[in-house]
Amino acid sequence: MILKSRPRGLHLRRTIICALVVALCGFMHFSAHAGVQSAETPSTNDNLDEASIGGEKFEFQAEISRLMDIIIHSLYKSKEIFLRELISNASDALDKIRFLALSNSKALDAAKNLEIRISYDADAQTLTIRDTGVGMTREDMINNLGTVAKSGTAKFMENLQKGDTNMIGQFGVGFYSVYLVADRVRFASKNNDDDQYMWISDANASFTVAKDPRGNTLGRGSEITLFLKKDAKEFCDQDRLKSLISRYSEFITFPILMKTSTEESYEVDIEDDTEETEKKDEKDEKDEDKSDELESKDEDDNEDKDKKKTRTEKRTVWNWTRINDVQAIWTRPAEDISDEEYVKFFKSIKKTDNEPLTWIQFKAEGKVEFKSILYIPKDAPHDLYQKYESTSPEIKLYVRKVLITDDYDEFLPRYLNFVVGVVDSDDLPINVSRETLQESLILKIIRKKLVRKVLEMLLDFASVEDDDAEDDGEDDDAGRKKKDIKSDENPDYIKFWETFGKSIKLGVIHDSVNRGKLAKLLRFQSSQSDKKYISFEQYVSRMKEWQTSIYYLSCEEEDSCTKSPFLEKAAAKGVEVIFMNEPLDEYLVGHITDFDGKKLQSISKENVKFGDEDPKVVEKREKIYSEKFVGLTEALKKLYAGDISKVVVSQRGMSSPAVLVSSQWGYSAKMQKLMKSQTFGDGNRGLNPMSGTKSAIMEINPRHPIVSQLDDLFKSNPEDDKAKNLAWLLFDTAVVNSGYEMTHSDHFASRVYRVMQDNLGLKTLDLEPEIEVSIDDEPSSDAETEETENLDDGIPEDESADEENEKDEL
């Protein structure tokens, strides 16, 4: 019996010992955890209310209800602003104690770490923000947190009604934003010169200030606990809080730590099954008669078998996590910041994995002081131009590193809405909620400087020298960073142009002040660029000595430009022609008429002159040709009446017999197509009576044989149908060849058929009689059967045998 019970007793003793060890470890873990919690995050005690803490009660003035209604319902557009305000207040308190520590080395003894800690309790519906800042004394609480409620009320209300909202920090209004989300607020604070006090209020009629019954739990600093409203449960959500902190307070100087939860796996013991225990007992009985030496060995074996099984479970672990881990690099000198840091910062504010194309950092000093970093991204949003009017530049506005707004669209003009960056200034006027900017002279100065810096960045990026940079007499280049471009044309700028070129063209159209700088950023393909992009400066640098104009051609695409009859004479003279093959180009040339003193001239308009020709020779030759073809021009003008403005003899030296050109002040063929497509699809509504070819001028080539032959036909018989058909066909081909839209395509088809009739010598184009088909003429079904049988009879016997053998095999 002794040997039989010995293993069981041993097993029982081990089980008891293990249980005691586990219990002891758990107690130690709980004690340690409780100690950390009490030291770092004082637990929320809902029993600490105005009644329980005693203290002195202060009554709000009669206007408090009206005042709080304005604060809660009028000054703030969204509830989430309260967190930004509280973090800003905590940051201010930390700044103050850091400043005091410069003259008093013991100021930081109570709490060495300068930080902000945020925690929440989803069960109790509370949110706590704690800092190790300067803290408040009892008198500070009464004065600072009671300013709005006491003597400042009337003045605050009066100024607010007058529209004076530039009062942040004067009346403590930011603190009262907590009542957007909380029914009750408890504020505890410890200053080095006083004990720890508590301020409690529900903003109805009074607030209470008393000595904190918990004692000095803070060491130094402040802790505000919000008892959230039922509709503010979202602020007890971990992800929601992290996103708000990252958005509004990402660049606060001091660490912002948030108590976050994560799940981790761990092993849990599983007790032995009854069946396994019985098997062990049977084995113990069999080992009863063994010797002591074997008994010792059996006990060791039993110890191995007694090892408990485990299973994996999960538990929630709470840790302090830093949220604002991105530095505000714009506060540092540009020469101390690496390219990698600039790229990392861009990815942080843009929330992207792509790198920027280029950037610029600068500090503005003078009338208005601010710091800024501006970036040009690689990619544009897919709907950038579909939502052009409603898209704002991604410029984040900060005041002392606290985000004020990220959707203010007045910092940059609409055509620069692709720019990404930050602006940080202490001089900006902001309203009492720090949320809505006021239009002021300061903002206009900032806007002007930002635009100038963006254009300067782009000019440097494109490696185009800008000699016309404005100087407003202010030192705003204290710090600046840009990529070094050694080549005459930066390849990366072409990527920018292909992505954001439309924006630059829109800038030329809308921004008359900066039109000269923007013109230097324009890029086009040309007749000599081999499908590459060139600038106006490059074009001017390789102009002919006699050339006084910048020649361009409007067309649908590059291929149509290269095949245009208007290009022939310029190509023969070796003159480069810029291709304007985008819809915006038509509007562009209406706003930029010259560059560097060179006038822009369309080669598809009338009276195109080249500087290498003697004007007298040109004039005399034109007179001779005009007299020679005066009969034809008059006849064609009469024939085309209503479809053309006039017919003249051309001096273009082209290979085509005729072209249609627009007048100097008329719409080009491409522009007319654009206008027609933008009149809501209602035919020609919106176009003037001289639209289409009606305002165009037909130029006939006096050297072309078709024109000479047509002249002979009209001289012999002006009413000859053949001559008229050929003349109309000449008109139609000129319309198409010149880029105009054919308005009578049915007439064009009939004319082509008549010309084919004449060339084929056909007397008429009437249809021939239809073939008559008789049913009796068709072969009968019997005949078909007989024919099939005859075909079968014609098969040789050996072939038939082979077929039968194949069937058998199958």
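Quick reminder: no glycine exception, Cβ is built from N, Cα and C everywhere.
TrEMBL labels come from automatic prediction, so no person has curated them.
According to TrEMBL, the feature domain 'Histidine kinase/HSP90-like ATPase' maps to 78-232.
What TrEMBL lists as ATP binding site is E85, N89, D131, M136, N144, 150-152, 170-175, R434. Listed in sequence order, the residues of the same chain lying 6 or more apart from D131 (ATP binding site) and placing their CB within less than 8 Å of its CB are A90, S91, A93, L94, E115, I116, R117, G221, S222, E223, F254. In the three-state DSSP scheme, D131 (ATP binding site) falls into the strand class.
The feature region 'Disordered' is assigned by TrEMBL to 265-308 (among others).
Taken from TrEMBL, the feature compositional bias 'Acidic residues' applies to 265-276 (among others).
TrEMBL lists 284-303 (among others) with the feature compositional bias 'Acidic residues'.
According to TrEMBL, the region 'Disordered' annotation covers 771-810 (among others).
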Over all shown protein chains, what is the count of other CB atoms within 10 A of the CB belonging to G174 (ATP binding site)?
22
Across the domain 'Histidine kinase/HSP90-like ATPase' (78-232), what does the pLDDT come to on average, as a whole number?
83
Cβ density check for E85 (ATP binding site), other Cβ within 10 Å (all protein chains) comes to 22
What three-state secondary structure does DSSP assign to N144 (ATP binding site)?
helix
